[in-house]
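Record features (Swiss-Prot):
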MOD_RES   Met1  N-acetylmethionine
DOMAIN    55-163  domain 'sHSP'
BINDING   His82, His110  Zn(2+) 1 binding site
BINDING   His103, Glu105  Zn(2+) 2 binding site
REGION    148-174  region 'Disordered'
COMPBIAS  149-166  compositional bias 'Basic and acidic residues'
Amino acid sequence: MDITIHNPLIRRPLFSWLTPSRIFDQIFGEHLQESELLPTSPSLSPFLMRSPFFRMPSWLETGLSEMRLEKDKFSVNLDVKHFSPEELKVKVLGDMIEIHGKHEERQDEHGFIAREFSRKYRIPADVDPLTITSSLSLDGVLTVSAPRKQSDVPERSIPITREEKPAIAGSQRK
């Protein structure tokens, strides 16, 4: 019986921090790339195929979240294209907005899948929680927004005065 012995130094990736070695380091929910389904040569390090450095993460295409604080409004955009409006809940809890989505197991083109997520966003101090609204676009982007309160304090210039003593004791201006 032939047993192949591999030198562990050759099989070990050069940058081990790029390859998950523990279960908590792995990225669950990532799609398998076609290249990962093909057998690799024993002489090639798994680093070349499995490293996140060489893979585009699926969150670049799905699941993006964007919070914007503009001059006159606050908004959150969240990609929820895998959920129907009935499977989504948006609520205000104190100074936080919580968005929760859940759908039970169902079949798709790859097999069966169940999804659930929860995201929280802090409501800015100048936003009235009672004015928050949400809408779902045709392409599956949930938008939660509210107007910002306009400041009652008018803008003014503050003059700068020059002092004759140093701010730091013992230092002198040269």
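Count begins at 1; order follows the chain as displayed.
Cβ coordinates are placed from backbone N, Cα and C, and glycine is handled just like the others.
As the structure is a computational prediction, the values presented were derived from the model and not from experiment.
Feature map: Swiss-Prot annotations on the structure.
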residue	record	Cβ within 10 Å
His82	Zn(2+) 1 binding site	16
His103	Zn(2+) 2 binding site	15
Glu105	Zn(2+) 2 binding site	9
His110	Zn(2+) 1 binding site	8
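His103 (Zn(2+) 2 binding site) sits 9 Å from His82 (Zn(2+) 1 binding site), taking the CA atoms of both as reference points. Outside the region 'Disordered' (148-174) by six or more residues, the chain places 69-74, 124, 126-128 with a CB less than 8 A from a CB of the stretch. Shown for the compositional bias 'Basic and acidic residues' (149-166): DSSP residue counts in helix, strand and coil, namely 0 helix, 0 strand, 18 coil.
Taking only the Cα positions, the spacing between Glu105 (Zn(2+) 2 binding site) and His82 (Zn(2+) 1 binding site) is 12 angstrom.
His110 (Zn(2+) 1 binding site) falls outside any helix or strand according to DSSP and counts as coil. Secondary structure at His103 (Zn(2+) 2 binding site), as computed by DSSP, is strand.
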